[in-house]
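Here's the structure, in structure tokens; my notes come after.
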């Protein structure tokens, strides 16, 4: 809500009662907070620690959930790099407004093209098959969004990620929504390895769907990637080395000692509460929203994440 | 593009020539840069200085073009406030990730509800009719987007702004795309005055369309609003007063001495070059984008702005 006064929130109930007495109108849609408060424990899942990247930045901790069912080779490569501490000391080198924040090896930006300065990839591969889509599999969980989509024949949520599928062409893929994480590459489609990653920080760049591999989604700490000064160089690269933000470490949660592992839960996208949240967003009607949109697009849906320790 | 190496850009022309010799494929879509380089001077317009707000922040200058044909009463009120220096010394008080950056009078956030601390609005009005839509007018310039829209019967561009219209209901309105500027209000629809404004910094919150008044669009300096640390309070408000960002001044360009006025040009949204840019985005095909989306949504279209002094 875009309230002028926080106080107005407190007044809402009173106003609502007054208006309700005056005119017939649809019931208020429940708020996300109310819906989440009524959720059941089994509607929440604990992400597999082998699928969770823990990135430590000077600003704070970023958690990324990987999607091995969509990009298995890239996820395996990223796990290898995290396991071997490849990302430690790399940098956020690019923040392009309304597009992406990208991190990787700053030596890639060396104009000399001298590859000898690149940090070695260790056991990880430097080239991988594209994995822009995966074969259609009716058995892969998919909660379709009944509203349809502007770009794809069918969209919805699969294992906690926004996704699309095309039965006619027997393909499915993750969609470029806010907070999704993808693999930077050169022109050659096989040059993506996961050594350069980006997160979407603006209007969903859906034209990238099926042109680049998406490997996961930011679960927490998105604000540390989106709330950064924009780069002033071409494509939003930082022009001065001192503007780059050093990555302290990136670990797989499964490589961390138990006491250091993040303890979060993600609302299941096949749960009743998630469906209720989507519907409340689709038909939002309350004292502030008087004209429900009646539709919701896949990239406007928030997938809730909570700290497990505070949720019981 | 999400290139690993900036160098790859230089290689693109070479690769392109090689590939073209090997296989039949569609011609590359022209790049925005190429299209803009061929634009004609008459395709660019200089915004009316009476419609341009010049906001000075510690980070830099933000230019906002107002849309008096859509929200005339709010624009008039905002002009009055700018003219009387109302905004000087107010603050950016809220940055909610993937939603909005909002500025206004921090005294609104005072929990005591003591309105005596509010900066007086001077000659400006404290309440205005909502202006969420305006009457349909076939004479108002409207360049329709042939792709259609997910939320509205018809979308396109009107006088440089993303817009929608509904002939059946005889209404038209501006759409909540990235960089659009709107009027914060309380629950009561008449409580918006323009004393609190917000800019969209995330996925287009189209559900706000027709629920709140949009008054314009950020032409330049968007990065100073989007690249800020996110607020950690409810709805993204900054929790500590020292986190707020002070607005040095907001002036109407027409109130500035000639030598201090911004000197920018905006590509006309009814121009041939703009149509070509939209089509290049819709069907983007090049060495990197191998699978064109075939469609483009109204909030994914960039409306180019350039410094007039460097453009000739």
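Every residue number used here counts from 1 along the chain in the order it is shown.
Glycine too: its Cβ is placed from the backbone N, Cα and C atoms.
Region 'Disordered' is the annotation TrEMBL gives to one range among A:105-132, A:133-160, A:161-188, and that range is A:105-132. Given the ranges A:22-42, A:43-63, the record in TrEMBL names A:22-42 as region 'Disordered'. Counting residues of the region 'Disordered' (A:105-132) by DSSP class, helix then strand then coil, yields 7 helix, 0 strand, 21 coil.
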